[in-house]
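Annotated region 'Disordered' per Swiss-Prot: 151-177, in sequence order. Under the heading compositional bias 'Basic and acidic residues', Swiss-Prot lists 155-177.
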Amino acid sequence: MSRVAKAPVALPNGVSVTLNGQQVEVKGSKGTMSLHLHDLVELKQEDSQLILSPVSDSKEAWMHTGTMRSTLNNFVIGVSEGFERKLQLIGVGYRAQVAGNKITLNVGYSHPVEYILPEGVTAETPSQTEIILKSNDKQALGQAAAKIRGYRPPEPYKGKGIRYSDEHVVRKEAKKK
């Protein structure tokens, strides 16, 4: 039995949920997101809470209910507050520029690396070595941040590379003669 699935999803002011069969639409100040509920999951709205419950008492139904509850909670947070992910570029000559929906990275290759942001994700660079990604879709934001980090992941000896701002890179000692 999923402990996550038992907790209701709180709806803050300004967020509305529309149910149309198994299709759920969440509207807020930052946009609209929709989700198709799994067939083993039921959704009820009571006051300012969403309560999810499994159709049957099987392990699979509880599993899907927990997943749907987490996804709906992320949608509610996304359309009301939004999500943000910060990346740091550490290394000599490592720079980033944003132009529209394209990020140009100079990260030690012989050519600049260009990354086109997915729809719904925006980027800004307060400095040349910092990238801030914002979106109301947590999944797309995390995917974009992971792709950018993947161009030059932090290496363990000097710590150079692209890292999340809250990431701790475990450093290794150089080989001794």
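Note that Cβ sites are derived from N, Cα and C of the backbone, with glycine treated the same way.
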Six or more residues beyond either end and a Cβ under 8 Å away: which residues meet both conditions relative to the compositional bias 'Basic and acidic residues' (155-177)?
85-91, 94, 105, 107-108, 130, 145, 148-149
Could you break down the residues of the compositional bias 'Basic and acidic residues' (155-177) into DSSP helix, strand and coil, giving a count for each?
0 helix, 4 strand, 19 coil
